[in-house]
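Chemist: First, the structure itself, so that you have it in front of you.
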Amino acid sequence: MTGLMATGDPQVLWAEVRNNESPGHVSKFPLNRVTERHAATFYGRHYLPIEEDVFIRGVLALRSQDAIESKFRSLHNNESWMENKRLKLGEHEYSKIETEVLYNAWMRGKMETLKNLSRLHRLLIVACIYAAMTQGWDQAAMAGAAIEVMNNLGKTTDTGPSSGIAKRATDPNVHLDENTWLLGVTVGVPFFAGAVLGLIITDPVTRFLGFGRRGAICVAGIFSLISVVGSASVHKWEHLLGFRILLGAGMAGKASIVPILLSETSPKNVRGILLVFWQLFVAFGLAAGSVANLSVYRLDVDSSWRYMFIAAFLPALLLLSLILFSPESPRWLLKESGAFRGQHGVMTQSQKLVRNAYLSLVDLRGEPSPILAAGELYLMHTRLIDEQHRLKDELAKTYSTALPDAGPRSESRLVDEIEHIKWWSRVKLMFLYPGFTRRAHLAAAAVMISQQLCGINLLAFLADRFFRDSIIHHTEKTTPAENMQLLGISFAFMFLNFSATMIALFQIDKPNGRRTLLNWSFPGMAVSLLGSALVITKPGERTAGMIAGHFIFLAFFMIAYSAGEGPAAFVISAEVFPLVNRELGMSLAVFWNFMGAGILAVIAPWLLRELGQKGVLFLFSGTNLLAWFLCSWLIPDTGIEALEDVFDRLDITTLFMLKYTVLKILRRVTKPLHWCLNFKTTTWSSAGFWQKPGSPRDEFDESKFGAQRFDEETASQPERHEMLERTAANAGRPEGISPRNERRQSV
């Protein structure tokens with residue numbers, strides 16, 4: 001029960017919440033079985049710099065968050081209580097400051113949460129923004145300098161209207177020269193190197209060297225800084241290639257770790273927004289790099305490529321100046337504490353890491369009372385224990401979709417210590433064992449590969465060729481003035497990319513927001529590329545209207561990409577893996593992304609040679625539909641869950657999602673025919689040869705729990721209670737509530 005209670009002080013009204021510690025109590029929250037004894041045991045084990053009673057109150061508040069939030073909402077319009085907020089949970093009385101901290105944390109909207117981020121949390125976000133800008137600026141520098149640097153280093157090539165690439169599209173006897181292939185290798189080698197080196201070194205740098213998330217980003221920033229300075233000073237193509245390989249390692253390190261760090265440190269109601277910052281400021285870096293390219297080209301046409309490269313050191317230097325002063329990820333610190341389990345001494349390394357995780361939470365929250373940080377620390381610890389037990393079950397081939405807090409072992413898990421799962425075991429979970437981790441890998445791989453299937457990087461690699469072919473009508477080498485015009489068009493598209501990415505900020509954190517963006521993005525890109533291909537005519541027949549139509553469709557393509565697949569790819573990949581496997585999982589996701597980008601960079605001249613500009617656009621209009629199917633099939637519906645609860649969404653099996661996706665597509669394809677045959681008796685919304693399916697979660701729960709029946713007459717009372725409890729816990733809702741009527745809500 002909850003209610004208002006007057007105390008001896010007539011000025012104080014307590015928001016009273018009943019403290020239910022019944023061991024048989026079924027709750028949808030992960031701390032439902034936690035008692036004061038469990039919290040006290042954890043506190044005594046780790047020497048935390050906080051008073052024990054404050055820590056216990058913080059844990060109990062997180063356990064009763066649902067009831068407390070409900071009470072806060074009911075008292076929102078009570079002026080007396082709002083002026084002097086006080087909370088009473090069972091026998092525990094919370095001070096005004098503690099109550100204020102809990103109220104603000106759980107009742108703030110998205111904008112209020114963003115406005116009230118602590119200074120150190122803002123510092124961390126700014127450092128991650130500089131990392132993203134470095135990523136984009138490095139790519140813009142190479143895009144602007146590619147042709148000039150190859151010519152200056154003795155590998156002369158041309159992609160203008162008189163080039164072999166252009167002629168081969170209409171004359172099959174024209175072949176690409178060696179230098180044109182070397183251009184593709186030069187552009188693509190950072191992606192190949194990043195794919196391989198990122199997969200090999202990201203996990204060891206964070207784990208074995210003990211650098212953590214911040215240290216790994218710092219190492220990646222150093223690689224980027226050295227590579228751009230070195231690229232600007234080379235005089236041989238082979239030396240440039242070496243620095244490009246180093247750049248690839250830096251790019252992969254930032255792409256693998258920065259989104260993880262943002263996801264692990266962000267409040268759940270703005271996690272998607274802060275993760276979009278990665279793609280948003282990669283786009284800003286591309287735009288800023290394009291401005292720099294445009295500016296330095298005026299200084300010295302022959303050596304402008306050196307200035308383009310060296311300009312990219314600015315965001316890298318800013319990144320290095322901030323990242324080590326930012327808070328570390330508390331989730332990473334907790335996970336690493338398991339590697340030192342079993343040590344003895346006054347304060348072991350494991351205890352120091354848990355203590356540092358608590359201090360990091362205090363820095364990130366920046367609240368006047370540490371009560372929220374205390375509860376969140378214990379919650380993260382409990383969820384990590386749950387993850388580890390689940391992954392160990394997968395390794396033991398006892399995989400089950402049951403949630404970890406159900407069953408006889410749940411009591412022991414509340415007092416367990418964090419363990420360490422070896423690297424090879426984590427690799428096997430990715431590839432060899434069916435279960436949550438492999439499905440997380442499939443989801444991340446699908447969305448990352450789809451970023452290459454959509455055609456955005458191919459258009460980036462061929463932008464110079466596309467723009468020249470559209471607006472330049474002579475067959476001579478382009479003049480500096482025409483090159484300035486091309487750089488200006490490139491900047492316009494990069495600025496459009498940055499601006500359109502902001503659309504995702506308003507949708508990404510809604511329920512099912514990630515999938516909604518993808519469902520709009522891929523069809524939009526497919527239609528845009530199809531339209532762009534249809535308006536293209538032969539080079540000698542091009543008019544101003546055709547050129548305008550071509551660029552308008554490409555602009556719509558950029559908007560569709562920037563508002564959907566662009567930001568969603570890294571948001572989904574950063575949050576879908578369990579904490580135990582997050583570095584390895586994200587580096588593997590980046591491997592698929594970078595490997596696809598590298599392959600496209602190398603084969604881009606060949607594709608254009610064989611298919612022509614129109615054929616390339618038709619091809620990627622089709623691959624967008626393939627990408628749409630892959631994402632609809634493999635990506636879970638997420639949006640407002642806590643980070644650990646995203647992993648729980650993967651209990652929907654891959655086979656079930658394949659059947660669900662195919663059925664949904666067939667129903668949509670045949671819907672017009674069914675409506676035409678039955679238009680007198682059927683409305684458009686109800687038309688379809690198959691029953692309209694609910695959400696994937698609704699349908700899976702219905703198929704799964706609808707089959708879990710038992711005979712109440714023959715089952716004993718303890719058996720009946722245990723089965724009811726397990727079913728309710730697995731479903732994430734109190735027993736008796738239909739999956740179609742209530743969706744699972746998480747802490």
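For all residues, glycine too, the Cβ spot is worked out from N, Cα and C.
According to TrEMBL, the record shows the following:
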type: DOMAIN; residues: 124-639; note: domain 'Major facilitator superfamily (MFS) profile'
type: TRANSMEM; residues: 181-202; note: transmembrane segment
type: TRANSMEM; residues: 214-235; note: transmembrane segment
type: TRANSMEM; residues: 241-262; note: transmembrane segment
type: TRANSMEM; residues: 274-292; note: transmembrane segment
type: TRANSMEM; residues: 304-325; note: transmembrane segment
type: TRANSMEM; residues: 486-508; note: transmembrane segment
type: TRANSMEM; residues: 520-537; note: transmembrane segment
type: TRANSMEM; residues: 544-564; note: transmembrane segment
type: TRANSMEM; residues: 584-608; note: transmembrane segment
type: TRANSMEM; residues: 615-635; note: transmembrane segment
type: REGION; residues: 711-747; note: region 'Disordered'
type: COMPBIAS; residues: 711-725; note: compositional bias 'Basic and acidic residues'
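Let's see these features in context: how buried, what's close, how far.
Modeler: Panel annotation: around the transmembrane segment (486-508), residues 140, 143-144, 272-273, 275-276, 279-280, 283-284, 286-287, 289-291, 293-294, 297, 463-464, 467-468, 471, 478, 514, 516-517, 554-555, 558-559, 561-564, 566-568, 571, 639 of the same chain, lying at least six beyond its termini, place a Cβ under 8 Å from a Cβ of the stretch.
Same-chain neighbours of the transmembrane segment (520-537): 450, 454-455, 543, 546, 549-550, 553-554, 556-557, 559-561, 563-565, 568, 613-614, 617-618, 620-622, 624-625, 627-628, 631, counting only residues six or more beyond its ends whose CB sits under 8 Å from a CB of the stretch.
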Chemist: Suppose you look only at the domain 'Major facilitator superfamily (MFS) profile' (124-639); what would the mean pLDDT be?
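Modeler: Mean model confidence (pLDDT) across the domain 'Major facilitator superfamily (MFS) profile' (124-639) is 82.
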Chemist: Check the transmembrane segment (304-325) against the transmembrane segment (214-235) for contact, please; criterion is three or more CB pairs under 8 Å, pairs 6 or more apart in sequence.
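Modeler: Contact confirmed: at least 3 Cβ pairs fall under 8 Å.
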Chemist: For the transmembrane segment (181-202), which partner among 214-235, 241-262, 544-564 gives the most CB pairs under 8 Å?
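Modeler: That would be 241-262.
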